[in-house]
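Participant: Take this structure, written in structure tokens, and hold onto it; I'll ask about it next.
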Amino acid sequence: MQTWLALLMMLLGYAACTDSFDESLSVQPLQDGRVDVAFNFTIRDDSISPHTHLLPLQIVNLLAAPEFEIDELHLSLSTGRWDYDKWHYPAFADLGSSGAEVWLSPASDSSRDSWNTLVHRLSGLFCASLSTSDNTHHVVLDGKTWTHAQISSQLPCTENLTPFIALLPCKSAAGLGQLLNPHKLFDADYHSLALSVYKDDHGARIEIKIEAVFNPARNGQQRQYSTKALFDRAVSQHCDLADSSTVYFGLPPPPTEEDSKDVWVVLPEDHEGIVENNVLSVDLMSSKKPFGLALIWPFQETFTYPRSTIDPPIRVRRDQIAGPIEETFVMKIALDNTDDESVQVSYLQSIPWQVKPWLHTFQIHGNKSAVSHEHALAKLDKDPYTLHVNTTLQPHSQTVIECIYQRQFLKYTDYAPDIHRGIDIPPGFARFTQNDHSRVVYTTPMLVDLATPDFSMPYNVIIITSTVVALFFGSVYNILVREFKLIPKQEHKGKTD
Amino acid sequence: MSFTLDISLSAALRFFLFYATPLPALLERRLELSTPFTSIAILRESLATESYDRMSPLLTHSLSYLNHPLFWNSIDILTAVALRRVSKRCARWYLYNPLTVITTLAQSSVSVQNALVLTALAMACQKRAFTALFLLSTASVLFLYPAALLPPLLMVLWKADEEQGMQEERVHDGVIEKVTKQTSQSSRTPTTPQAQHTKRTPYTSLKHALIFSLQTISLLSLSRYFAGDWSFVHLYSSLILVTDLTPNTGLFWYLLVEMFEQFKGFFTAVLQAHTVVYVPSVCIFLSHRPTLAYTFLAGTLAIFKSYPCMADVNVLVALLPLFSDLFEHARHPVFVAALTVTAAGLLPLFRYLWLRVVTGNANFYYASTLLWTFSNGLVLTELLYAEARRMFVERQGGVDTTKYEIRQV
């Protein structure tokens, strides 16, 4: 009887378990001949319990832990520079940074301790050193309080991809996960691995996002590419656990003239996809054949990079200029709007404590009327300085934010290892909404030279400084206590004798 | 009047440099002329962030209204006018001294400190005790270290009482000579306090010290009023504990950059104590000539305090003409002067090599600060030695000292 009951409970449990897994891949040609590839794996579950079906246990343990109280969590690991000028915006709004980035929105006010523990847990889960951030700060965005940390020197590699693949229900054995080939992915000009966790009253949703920009023309001087060539793998079978599995194969704009060099063809010609809005979508769940697509330009013998490209509507640039004295530099942030509409932009950056702003030199040039900014100065010794600027960029205008920063002189124990390389200032970023898409544009990270002492000198300095002090003290003491005497001069002696 | 001409000329020179040259902008952030506690940039930053942990609230608030070339030039002129009562040569030297001029151009608040310290001495020489003590207590509240100059200032007041109407120790100027003819000679011989007359009692000095502390307390309360709370005392703690390690011309910064954590407290305490250790002994030794004690101690503060800069030496340099009689007794005056000038040149040079072109490292700049401290130390010991030797020669009475070598034994 008991066995029957247990079986019935299990069946009921299975029926009540409303979890789902959706995966998609988007392959989009870019205007400079590169290809943007974006994987999205979304797992939803209406309940969070250790008896999980699709939701990975690692994440369930994080969500269930009472000390963290995660409401929303984002982690991304990226290498390379996202070239906004040529590639415009990434497929995933919050990617495009460089280095590691962690965002946490706790359900209640979390302490610094629980943040540190969480970061250590994430470091362990994803094989990354996330605890070395020195620009961790708090910020309120869209009504939520976030703790945010960036580590620009933490670049992803194969060991970081493995834990991401481990979160997938079908791992890399079936479905789109098969295409996650580290040899190809980490050969890309830019690549980013990201995890987003959302928790609500009912359950949780996690998104695993992987985006990379490949350059097919780099090797063969040919623009053409195929999924086989990009990943060196094919999707041999679909993932049975997935509810949907779709490939969105972006097509270039149709050629203006027949038989010009811009004519392109999708192969194989008997693909099972549907073309809509210049995107060819293939449903892998219903597909009978192994998946593979190619895009070729039959009349193009060698590909030449375009001389000019279309600018994205909003651009952000951050530059370092020599300052008025040796230990200072000017940080110049230029926000450009090349669009015909005005855009509400919020710029945020967090500067590690080794560099200090001179707030009296803070200036905003451009549309002054619609600017609000707030500084968060360091409260504790090693807190970062955070700048948050909200402004409306008028059409075809530029807003420039300038401030002089001073490099701090530190105790020799406070310098990071390999300090002669300089310290990393993590990327700043501008957030805005355009055509109902929220976008984030990151600046490049900045390397700042710190003036360094000679680390081999402690004994010498103590000895030499003490000598100079003792020399002065000795001379003064000598004058104060010793008496003068008259001593007959030598030649006088000689004459009188 | 030639002195009026001097004043107008030097004022014209300063205004010319302020308005017609890019020098003020170039000099205002030079750390040779100002420190993270005295530069005009810090003043602006304190005003922007409304924090007083770098600059006293009194100074911040007054400079926020007064920061104008007219103010910076007039404090120089006023100091020169006050110094004129002590010695006309000092005054003229102060007006044209290039170090004074560039400090003023840098709008460094060190020139406020120098003006206060020098005017306090000038007022004390004129027996204006209350003003002198007030100026020194202002300097102490704003910059802390000038408090160490209270004992020599009390002695100057004591001495001024003793020599009725005496306004100058060494008289070189015709104007004042008339007033002080009979007393000018007496100052050449060391006098003992008990040999003197009148109302002067030990209570006078005690009273002066009391006035000084009352003034200091009221100025601190005024600072508290301006700052809104007592958090501005962080200024004094950071001056004593040396928390900012920005390079300056002193000994603290590199020592504390390199110091092992467990010895930091000890070395800070020893070096801070060393800065003021000379006060009692030098005051006793030079009790017959308190202006020299004042000068000597101002000099030790200028090189050994926690955040010194080149401009701090100005007090010492400005008062040097008072002691021209010591020149013949000095051991190596030319060598010491040349060494100091060399060190002054090396400081900006090595700083440039280290921080801008990075062909030299921190040790280059450290070496030049050592040389600067050492050479200024030599200037001070030369002064002290020469005075000791002069006293000795005077004590010999009629003996022809040219026939003898004078040696320390």
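Cβ coordinates come from backbone N, Cα and C, glycine included.
Because TrEMBL annotations are produced automatically, they should be read as predictions rather than curated entries.
Quick paste of what TrEMBL says about this protein:
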- B:181-194: compositional bias 'Low complexity' (COMPBIAS)
- B:180-200: region 'Disordered' (REGION)
- B:130-158: transmembrane segment (TRANSMEM)
- B:209-227: transmembrane segment (TRANSMEM)
- B:233-254: transmembrane segment (TRANSMEM)
- B:266-287: transmembrane segment (TRANSMEM)
- B:293-322: transmembrane segment (TRANSMEM)
- B:334-353: transmembrane segment (TRANSMEM)
- B:365-385: transmembrane segment (TRANSMEM)
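For each feature listed, report its degree of burial, its nearest neighbours and the pertinent distances within the displayed model.
Facilitator: Tertiary neighbourhood of the transmembrane segment (B:233-254): same-chain residues 31-32, 35-37, 52-56, 144-145, 268, 271-272, 303-310, 347, 351, 362, 365-366, 369-370, 372-373, selected by CB-CB distance under 8 Å and a gap of 6+ residues from either end.
Cβ atoms under 8 Å from those of the transmembrane segment (B:293-322) belong to residues 31-38, 83, 86-87, 89-90, 93-94, 97, 99-100, 103, 106, 108, 110-111, 113-114, 117-118, 121, 145-146, 148-149, 151-153, 155-156, 169-170, 239-240, 242, 244, 248-252, 271-272, 274-275, 278-279, 282-283, 285-287, 344, 347, 372-373, 376-377, 379-380, 383-384 of the same chain, restricted to positions at least 6 beyond its ends.
Away from its own ends, the transmembrane segment (B:334-353) comes close to residues 30-32, 247, 249, 310, 359-360, 364-365, 367-369, 371-372, 374-376, 378-379, 382 of its chain (Cβ-Cβ under 8 Å, at least six residues beyond either end).
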Participant: Under 8 Å for C-beta pairs, could you tell me which stretch among B:130-158, B:209-227, B:365-385 has the largest tally with the transmembrane segment (B:266-287)?
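Facilitator: By Cβ pairs under 8 Å, B:130-158 leads among B:130-158, B:209-227, B:365-385.
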